[in-house]
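Participant: Per TrEMBL, the features are:
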{"type": "DOMAIN", "residues": "A:1-207", "note": "domain 'Heme-copper oxidase subunit III family profile'"}
{"type": "TRANSMEM", "residues": "A:28-51", "note": "transmembrane segment"}
{"type": "TRANSMEM", "residues": "A:71-91", "note": "transmembrane segment"}
{"type": "TRANSMEM", "residues": "A:103-121", "note": "transmembrane segment"}
{"type": "TRANSMEM", "residues": "A:141-166", "note": "transmembrane segment"}
{"type": "TRANSMEM", "residues": "A:186-206", "note": "transmembrane segment"}
Amino acid sequence: MHAEEKLTYETWPAEPEKSTLEAKNKFLGFWFFLGGETVLFASLFATYLALKDKVPDSTHHLAKDLFELPLTFVATMLLLTSSLTSVYAMYHMKNFNAKKMNLWLVITLLLGAAFLVLEIYEFNHYVHEFHHTFTSSAFGSAFYTLVGFHGGHVAFGLLWITTLIVRNAKRGLDLYNAPKFYVASLYWHFIDVVWVFIFTVVYLMGMVG
Amino acid sequence: MSTYAQKKGFGATLWDYLTTVDHKKIAILYLIAGGFFFVVGGLEAVFIRIQLAVPNNDFVSAGLFNEIITMHGTTMIFLAAMPLVFAFMNAVMPLQIGARDVAFPFVNALGFWLFFFGGVFLNLSWFFDGAPDAGWTSYASLAMASKGHGVDFYVLGLQISGIGTLIGGINFLVTIINMRAPGMTYMRMPLFTWSTFVTSALILFAFPPLTVGLVLMMFDRMFGSNFFEASMGGNTVIWEHLFWIFGHPEVYILVLPAFGIFSEIFAMFSRKRLFGYSSMVFATVLIGFLGFMVWAHHMFTTGLGPVANAIFAVATMAIGVPTGIKIFNWLLTMWGGSVKFTTPMHYAVAFIPSFVAGGVTGVMLAAAAADYQYHDTYFVVAHFHYVIVGGVVFAILAGTHLYWPKMFGTMLNETLGKITFWLFFIGFHMTFFIQHFLGLWGMPRRVFTYLPGQGFETSNLISSLGAVFMSLGVIVLLYNVIMTSVKNERVGNDPWGDGRTLEWSLPSPPPFYNFKQLPLVRGLDAYWLEKMEGKKGMTPAEPLGDIHMPNASFLPFVIAFGLFVAAFGALFNMDDKAWSVPVIIIGLLITFGAMFLRSVKDDHGFHIHKEELMEDDNDKGVKA
């Protein structure tokens, strides 16, 4: 099969994300990239755990003073749901339904953007209410770096998926762009998984002390 | 697209190399850039040895000495050894597995340009109030106290070139998994391909911790965070961990490809199948795995406690086992073989005792209690130069002679090659053997001078004289390269006459599509098998058909250049220069703009048609 071929619903392969050599390479290469990203976040988590609550003096707030579960719970739900909607999008991609795929991707984007808004609100809240900033303590530096790296990944994902939707809006699916959508959704799942760990390690473990 | 056979002007050739995505040309770029930085790092080494040749020397000041040793280490590891190893991986590995290119040719070019701009950025520090001076390990307690911009150049330069290395690693992994020729099973892959594979996996998992460490240091130095600021709750040991979680696997990233090159050489010039092939594969994988378990042996004196030290000591000693397996396999490959002492074989044979010496001192250093004595002395300097020069640099020099005909289509002069070898070999041992004793007698490393009457004079002078021999060796090599390029006597497919693997079944240099028809691989040493059955070449595994090739692109250069610009902005941000933030933004816009262009512009590549391939047969005399 060639990437440029015009396909129909009948000739669309079962696994369009890996039905050409280029697609197979992209699929595997992206998994490896996510492997590297895992180590990257593992290093950030380790740094955070080493510096958690490490502040210069007792006027600074600690994790247990800062975090509030309702806000992070909502953020978590938004991001988890967006992962589910991206699965729906891929389901329609595999069924050669570009329209429905785009619809679900847009929903994914909206959920992701809502998550990002909450995160910005949260950071703003810490800075103004608690004077917990990037430069105020080692704890602050580690917190904003870990959670901010994740937020940056979400922002990049939003731009990436938006670009994909706009670029391919008029021409529908083919074997050249299907793998692109697929790896973008893999990326989206990955940042969702990272968030699950942030929610556990930073917020839940932060609340209990 | 058969214009490749024509003679090109200088401008066209330059443009060709700036936009190329062909792994063979990228290999040449890596070889030239890596070779350049090797000479730069070598000059820095010579300055170190001049300064230390006599006591109380004032050839350089203490501060400049710190900059020189830092840049010597950083340049040699990141900008010379790694790219030179990458040069051979790019030149040879796709040919060895019977592929027409790597999995991501565009990414391959991007990786090169990122490394190149990172390296150039790092070396520009010499022209902006001083190079980094906190040692190649850039421990945070030193680095945070370093005045000027040296450490910022280190942080940003390595960050950029590190991204290049990381994507290169992913590229090789995917290439080896997905693009092997029919019949090329994993256990038929040449050892150099295997070591490329394991090395790439190490790169994938070792570079992200370095990325994070560099990001933290960048934030601390340029954006006011407090990761390493103890008064704000920070902790400098975090840097040590992150650096060595990267840094120790890095040693194996360098030395495993060296093992791969030597495995090829031993089999070729003993004219025997590599002894214990499967145990070699097993040992390579095991070394790669254990390489991640030992990083804290660089930190025995940091104070992690006896339990941690004991565990890391034992894990470190365990690496001696798979390495020993390899040494015996190489020896037994030569045993009973019909050994031919070519230049590469000289390096291979010299490598065994040299590397074993480095390994033995490695086990000595692994004993944590004893390490308190050796730590930060010349004993350590002697140890790691024995493994890195005796292992990696020997392999790079051997590989240069071995693969030169495959990369450039002409042989390096053998006599000059052997002169290079003897000069370098004698100089190497002269420089570093005595340093073991200097260390045991108590001479500390990284100190810019020593006093007379402490018993260090003669030994240091001998060591410095050795550096002269090594320099002469490199000069002879450069002369050799120039002479053979001027003469340019073309050679055939298998110029050594003993080629065993697929790359020797192709013309030198191979056509840009490598294999007209993918070869059928029937066993280990695929080409040798066919030769032994009296065949001239490989049996094709497919009928002659159209070949799909990637388009050249200027974007990799632009993406890397954008980061280079942004790095300047970030660097001067700590001086509160008004223009620093706009420069960061412009640089990032260039990078992300080029990435965006790459994303939205379809790139389907092109096809070489069957008829053109058949025409190529007729004008065989013409070379690109």
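Placed from the backbone N, Cα and C atoms, the Cβ positions cover glycine too.
Locate each feature and note its surroundings.
Facilitator: Residues 138-139, 141-143, 145-146, 149-150, 183, 186-187, 190, 194, 197, 201-202 of the same chain lie 6+ residues outside the transmembrane segment (A:28-51) yet bring a C-beta within less than 8 angstroms of a C-beta in it.
Listed by sequence, the residues of this chain that lie at least six past the ends of the transmembrane segment (A:141-166) yet keep a Cβ under 8 A from its Cβ atoms are 40-41, 44-45, 47-48, 50-52, 54, 79, 102, 105-106, 108-109, 112-113, 115-116, 119-120, 123, 132-135, 177, 180-181, 184, 187-188, 191, 194-195, 198, 202.
Counting residues 6+ beyond its ends, the transmembrane segment (A:186-206) has Cβ neighbours under 8 Å at 30-31, 34, 37, 41, 45, 48-49, 52, 63-64, 66-67, 69, 72, 76, 79-80, 82-83, 86, 108, 112, 143, 146-147, 150, 153-154, 157, 160-161 in the same chain.
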Participant: By Cβ distance under 8 Å, which residues at least 6 away from the ends of the transmembrane segment (A:103-121) in the same chain are close to it?
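Facilitator: Same-chain residues near the transmembrane segment (A:103-121) but 6 or more away: 71, 74-75, 78-79, 81-82, 85-86, 88-89, 92, 147, 151, 154-155, 157-158, 161-162, 164-165, 181, 188.
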Participant: So what's the average pLDDT for the domain 'Heme-copper oxidase subunit III family profile' (A:1-207)?
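Facilitator: Mean pLDDT for the domain 'Heme-copper oxidase subunit III family profile' (A:1-207): 94.
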